[in-house]
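According to TrEMBL, the feature transmembrane segment maps to 21-41, 61-81, 88-106, 141-164, 194-212, 232-248, 268-288. Positions annotated as domain 'G-protein coupled receptors family 1 profile' by TrEMBL: 41-286.
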Amino acid sequence: MVSNLSNAAMNLTTVMYRDPLNIAIVKNVITVVLSIAIIYVNGTLLHTFKKHEVFNTNPRYILYIHLVINDILLLIMFTLLQVLSYAIFTLHVPFCIILLVIAIISSLNTPMTLAVMAVECYVAICFPLQHSQICTVKNVTVVITVIWVLSSLTILPDLFTILATESRDFFHSRVFCLWKTTFRPPELEKKRDISNIVFLVIVWLILVYTYFRILFAAQAAAANARKARNTVLLHGFQLLLCMLNYVYDLLLNGLTSLFPKGVLTIRYTVSILIHVLPRIISPVVYGIRDKMFRKYLKKYLFHTKNANAFVHR
């Protein structure tokens, strides 16, 4: 889904468009600082999850932390692609492929994880008696494995295609690391667009179905159902942010046609808005909104010594 992630590295675009050294340094510092800050918060959430049994034995938190891990991977890939594109401009094809494959698989994992989290909320509200039997740690682990397999199966045919069609010299060459410069056969772009649309349609159908089922249940179940309904709405908002990748080129082309002299600034700003800032949503929505996580976050983020042990195992 985030094949456009590599396009974010196009802040310097072609050889004809290169930022002055001082501007390039400022842009990379901003990107690195933002990414490190978000990764630090997400890493704290991951540490909190691993440290406390109340989280790592709860299927809901396992799904959430899976979302956080994918956000971390995406941020690392984005930052690497941008910094390397400024520093050395071109990358060896095998290394570029590795970065792109990790980024694309991680980005595909995100909407599918959101869909599974919505289903978990739906089961908890509409089938409370069966929830503990359906949503177990084992079942969630299987689901996460299936998510990774499905995401991998989406990109692996593209990888096999270029291995079969490209010459050996191509894999020993260097390219500006983009999807279109690495996965060059034109049919791969059509296949990518179709698979992305299928993924999104399925996820949206799941979110809409679970939201309305929870909405109807809210009339009877009050507070818990309302909270679950709001959570599904937040999943929908996150999915909208995922879909920004599809309007990346459209937005970029529209703005650069209006402001051709600001092409580098526009590319950089749009890339940050689409690829970095949405990664803030997960820790804000779940880490701060969730009372249990929030108390632990105060302890680990700010190194509070006297944190209350409010969870009894």
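Cβ atoms here come from the backbone N, Cα and C positions, even for glycine.
If you count C-beta pairs under 8 angstroms between the transmembrane segment (141-164) and each of 21-41, 61-81, 194-212, 232-248, 268-288, the highest count goes to 61-81. Mean pLDDT, taken over the domain 'G-protein coupled receptors family 1 profile' (41-286), works out to 83 on the 0 to 100 scale.
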